[in-house]
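A.B. asks: Sending over a structure as structure tokens; questions will come in a sec.
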There are 2 protein chains.
Amino acid sequence: MSVAKAGEFGLIARITARLPAGQSTLLGPGDDAAVVRAADGRVVASTDVLVEGRHFRRDWCTAQDVGHRAAAANLADIAAMGATPTALLVGLCVPTNLDARWAEELSDGLGAEAALVGAAVVGGDMSGSPTLTIAVTALGDLGGLAPVVRTGARPGDVVAMCGRLGYAAAGYTVLSRGFRTPKVLVDAYRRPEVPYSAGPEAAGLGATAMIDVSDGLLADIGHVAKGSGVAVDLRRDAFEVPRQMRDAAHALGVDPYTWVLAGGEDHALVATFPPGLALPPRWRVVGVVREGSGVTVDGRPFRGPTGWQHF
Amino acid sequence: MSVAKAGEFGLIARITARLPAGQSTLLGPGDDAAVVRAADGRVVASTDVLVEGRHFRRDWCTAQDVGHRAAAANLADIAAMGATPTALLVGLCVPTNLDARWAEELSDGLGAEAALVGAAVVGGDMSGSPTLTIAVTALGDLGGLAPVVRTGARPGDVVAMCGRLGYAAAGYTVLSRGFRTPKVLVDAYRRPEVPYSAGPEAAGLGATAMIDVSDGLLADIGHVAKGSGVAVDLRRDAFEVPRQMRDAAHALGVDPYTWVLAGGEDHALVATFPPGLALPPRWRVVGVVREGSGVTVDGRPFRGPTGWQHF
């Protein structure tokens, strides 16, 4: 059944009936607005838009995959402030001939990804549009800690990261060349594995700055360097290139470090910490903060693409 | 200069430089997420999407007008919960050949409308898209009061409204017939005048249910009736048809009550109150809540269109 036939209110009812509730949801979908717990007295909020053909393709990803990816991109932004996500709101623009099931399964993916961190879809809006577009807003709670911003890195800090790098970019390249394997890379593109809990962990450890890698490590740590007025030097040998990524890179004629250093969408968290701190093992030290400006790898500029172009 | 030439980060920098700060903004645009005061310990949140050609036309409205309308639609949802808006987030999808000035002026309109209630644009995202699309999320604070939901109306309650009805619908009809006057109607379509402060006022007065009129009074009070399991009867003579609206209706061959009772987008607030309450003068009693179901006007079903179709 098309979304036009299901009708706005019918489709919304079908979608909301499938959505799990969250522990911070005080009033969920169905009213003018939702009400979400914000125990801290502050709320963290971020919005991301995904446009078909630009941020996702329906022939590469199931509707559930797109839901997972859309939620992950937003929930990672909340984690990168050091906060715990509490809620998602979803603005959905759909061609009127879209199968209503696609919208329902998208919501399933959004709800399932949110549930990984105890959050839930609490509201949204829907409209017809020639262009399938998903606008997601995520809310989060700081749990009494100061937000970890991009502007706090200081010379002498160490740069550490948690999560995966290059997997989603490799999966994207694989898919764009018409392949469907290696599965680990393609799956990483379809449903990123974001280390959400590492965000509040870093805040608790005293991280001076943090960002999630959505546009590529060099571009994103570049935002931290610029915002903080410092230079960042990364150590190339700190990054591991797993075997399947190395093999795929070889087969496709790609330098795998392009994926690792310039590929986005894995939503790893990268933070700067005061020197001498004992970091939990999932945080890997990959560089240092210095006086100056710009980002280097082993002291030199990295040659190759450095991030995602949005236009 | 096109948005493609300005570039995502350049355009975002130009836009955020023009945005006023709000009294609840703890961390504004420029980081992974914003931080907004939520003193109440709860946050109210709502999302609306506007799609070009469906919700707005660039030849009917300036970019600033579109910003005002987009913000108003969302801020009204917050007011309709009895809350005071604190922040907006904006997901903007733009054709790459759009003049960057249009995006800047849109943001000016969003910021100016938000400033009317002390709120501000605190964050957003931007992407290229074939379809100009604006996704706005509004946040708000309940100030210690319970949210006023759609499900609380009880038989015996009075139905009262605050704000204008039919103006925006009349302006829409005027514009769609190729006219540009009467100015009061066209301006009402371009920049709705929303009685934001009446929302928290109604909550403080003990409103049992509330909604903002975005799809048309009959449709929206119908949501309250259905959600509350009650019937609503409106009195036709409680609604005033101003002279300019009556004249325009006559000239265009339209029943002005179609605009008043079924026209949306003025974002009047309609609430139900326990009987016998002394309401401030800006609240006009327009009907009663009864046992049963459905919405009637003077005891009979209203003939004519009853609201906006989203697909």
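Just so it is clear, glycine is given a Cβ too, placed from its N, Cα and C backbone atoms.
Take a look at what TrEMBL says about it:
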BINDING   B:D32, B:D77, B:D212  Mg(2+) 3 binding site
BINDING   B:D32, B:S46, B:D77  Mg(2+) 4 binding site
BINDING   B:T47, B:D48, B:D125  Mg(2+) 1 binding site
BINDING   B:D48, B:D77  Mg(2+) 2 binding site
BINDING   B:H55, B:E265, B:W308  substrate binding site
BINDING   B:G124, B:D125, B:R150, B:S214  ATP binding site
BINDING   B:D215  Mg(2+) 5 binding site
DOMAIN    B:30-140  domain 'PurM-like N-terminal'
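Could you place the listed features in the three-dimensional structure?
C.D. replies: Its own atom aside, the Cβ of B:D77 (Mg(2+) 3 binding site) has 30 Cβ atoms within 10 angstroms in the protein chains shown.
Its Cβ placed at the centre, B:D125 (Mg(2+) 1 binding site) has 24 other Cβ atoms within 10 Å.
Under the three-state DSSP scheme, B:D77 (Mg(2+) 3 binding site) falls in the helix class.
Note: B:H55 (substrate binding site) has non-local neighbours B:V49, B:R69, i.e. same-chain residues 6+ apart with C-beta under 8 A of its own C-beta.
When secondary structure is read from DSSP and collapsed to three states, B:R150 (ATP binding site) falls in the coil class.
Secondary structure from DSSP puts B:D215 (Mg(2+) 5 binding site) in coil. Neighbour count (other Cβ atoms within 10 Å of the Cβ, all protein chains): 22 for B:D215 (Mg(2+) 5 binding site).
Confidence annotation: the domain 'PurM-like N-terminal' (B:30-140) carries a mean pLDDT of 97 in the model.
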A.B. asks: Compared by Cα position, which of the binding-site residues B:S46, B:D48, B:D77, B:R150, B:E265 is the closest one to B:D215 (Mg(2+) 5 binding site)?
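C.D. replies: Of all the candidates listed, B:E265 is nearest in space.
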A.B. asks: Would you kindly determine which binding-site residues in the set B:H55, B:D212, B:D215, B:E265 have their Cβ under 8 angstroms from any Cβ of chain A, listing them in sequence order or replying 'none'?
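C.D. replies: Listed binding-site residues passing the 8 Å Cβ cut to A: B:H55, B:D212.
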A.B. asks: To the nearest whole angstrom, state the Cα distance for the pair B:D212 (Mg(2+) 3 binding site) and B:R150 (ATP binding site).
C.D. replies: 10
A.B. asks: Please tell me which one of the binding-site residues listed here (B:D32, B:S46, B:D48, B:D77, B:D125) sits closest to B:R150 (ATP binding site), measuring Cα to Cα?
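C.D. replies: Closest by Cα distance to B:R150 (ATP binding site) among the binding-site residues B:D32, B:S46, B:D48, B:D77, B:D125: B:D77.
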A.B. asks: If you draw a 10 Å sphere around the Cβ of B:S46 (Mg(2+) 4 binding site), how many other Cβ atoms fall inside it, taking every protein chain shown into account?
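C.D. replies: A 10 Å sphere around the Cβ of B:S46 (Mg(2+) 4 binding site) contains 29 other Cβ atoms.
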A.B. asks: What residues, ordered by sequence, lie under 8 A Cβ-to-Cβ from B:T47 (Mg(2+) 1 binding site) and sit at least six positions away in the same chain?
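C.D. replies: In sequence order, B:N74, B:A135, B:V136, B:T137, B:A138 meet the Cβ cut-off.
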A.B. asks: Closest to B:D77 (Mg(2+) 3 binding site): which of the binding-site residues B:G124, B:S214, B:E265, going by Cα position?
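C.D. replies: Closest candidate to B:D77 (Mg(2+) 3 binding site), judged by Cα separation, is B:S214.
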A.B. asks: With DSSP as the yardstick, break the domain 'PurM-like N-terminal' (B:30-140) down into helix, strand and coil residue counts.
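C.D. replies: Grouping H, G, I as helix and E, B as strand yields 33 helix, 45 strand, 33 coil.
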A.B. asks: Select the most exposed residue of B:D32, B:D48, B:D212, where exposure means the fewest other Cβ atoms within 10 Å, treating these as the binding-site residues.
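C.D. replies: With the binding-site residues B:D32, B:D48, B:D212, fewest surrounding Cβ atoms within 10 Å: B:D48.
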